[in-house]
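Novice: This structure is in structure tokens; I'll ask about it shortly.
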């Protein structure tokens, strides 16, 4: 089903043409290709994705309902944020639709609602301060006028997170994916591969999560589904491969094949596991040795269900890796969509870009963040 290419240990910068195996099991003529491979250590092997005749599936399957496919992404965001909207939007509607006056009691109730939506203390105070300024400036007296004012304030707060990812500056453009356990890193990589392919980019995946037993197989399944090559550790031995070496080999393979984008998976780790945080720093240093100024993007994957804990994760990983972008997953399963504002509140001057948000299990349900669409989806 797969092609396996191995080579003897030499200098990583030397390249060689791999031999084509003629008797590959379950070979499919229409999809299997022989491609140039980089010289690499025995730590890793190249697995060329083949979508034909496979029964392997990613842990979080990319299948989606036909009705959902037909929706625009703005509607998908609204559908995905339904729990947040029910929790936050309905409470705000009840607060603003009563026709009452704007007083301190209203501000206190609004503060409670925002905090319960995991907006965070800092962001909540910033929003309330901005609302007070709008009320004074525009002479607002009716509580009903505060809803649109709050939406404007929230959009203005989240706008700095809305930064598109430019992958054209370097080739290959190396993206390092990191995060704690169970946030959906590997699944996000599979969806990112599909997203970049839709832009006409060639993609290579690096299976740098050598700690979790199923991570290699899961990433290979995504490689098959997207028909992209995966550089994965050799699973024949009992000894765990060095994740830095696997990613190093992947970058050299991408150079040889003139790949546009490398997506490097890494093992999940808790921010309190200091030795593992040191290990991830080493991985980043090795990436820089494989290619100067790489990684070009360090993406931290966050689970929206964690609420305020996501802010702590951003702080810890940013300190270790200088995080440049975020992916917020599982927004469709939580009422804590306000965590996006909490991140802004923690970084009022220069917040890390929220590159992508995930609002469903479909392969197309990971999309660039748009502040206005996001805020509209949070309100009734």
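Quick reminder: no glycine exception, Cβ is built from N, Cα and C everywhere.
Per TrEMBL, the feature GTP binding site maps to 179-186, 265-269, 329-332. Taken from TrEMBL, the feature compositional bias 'Polar residues' covers 36-59. The domain 'Signal recognition particle SRP54 helical bundle' feature in TrEMBL is assigned to 77-158. The domain 'AAA+ ATPase' annotation in TrEMBL covers 171-328. Marked as domain 'SRP54-type proteins GTP-binding' by TrEMBL: 172-380. Summarising the annotation, TrEMBL assigns region 'Disordered' to 1-66.
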Novice: Among the binding-site residues 185, 269, whose Cβ has the fewest other Cβ atoms within 10 Å?
Specialist: 269
Novice: Does anything in the same chain, at least 6 positions from residue 266 (GTP binding site), have a Cβ under 8 Å from its Cβ, and if so what?
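Specialist: Residue 266 (GTP binding site) has long-range Cβ partners 176, 177, 178, 185, 208, 209, 243, 247, 280, 283.
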Novice: Give the three-state DSSP assignment (helix, strand or coil) for residue 266 (GTP binding site).
Specialist: coil
Novice: Taking DSSP as the reference, which of helix, strand or coil describes residue 182 (GTP binding site)?
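Specialist: In the DSSP reduction, residue 182 (GTP binding site) maps to coil.
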Novice: Could you give the number of helix, strand and coil residues in the domain 'Signal recognition particle SRP54 helical bundle' (77-158) as assigned by DSSP?
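Specialist: Grouping H, G, I as helix and E, B as strand yields 66 helix, 2 strand, 14 coil.
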Novice: Can you count the other CB atoms that lie within 10 A of the CB of residue 331 (GTP binding site)?
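Specialist: A 10 Å sphere around the Cβ of residue 331 (GTP binding site) contains 26 other Cβ atoms.
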Novice: Ranked by the number of other Cβ atoms within 10 Å of their own Cβ, which of the binding-site residues 179, 182 ranks first?
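Specialist: Per the Cβ count within 10 Å, the most buried is 179.
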Novice: If I take every residue in the domain 'Signal recognition particle SRP54 helical bundle' (77-158) and average their pLDDT values, what number comes out?
Specialist: 87
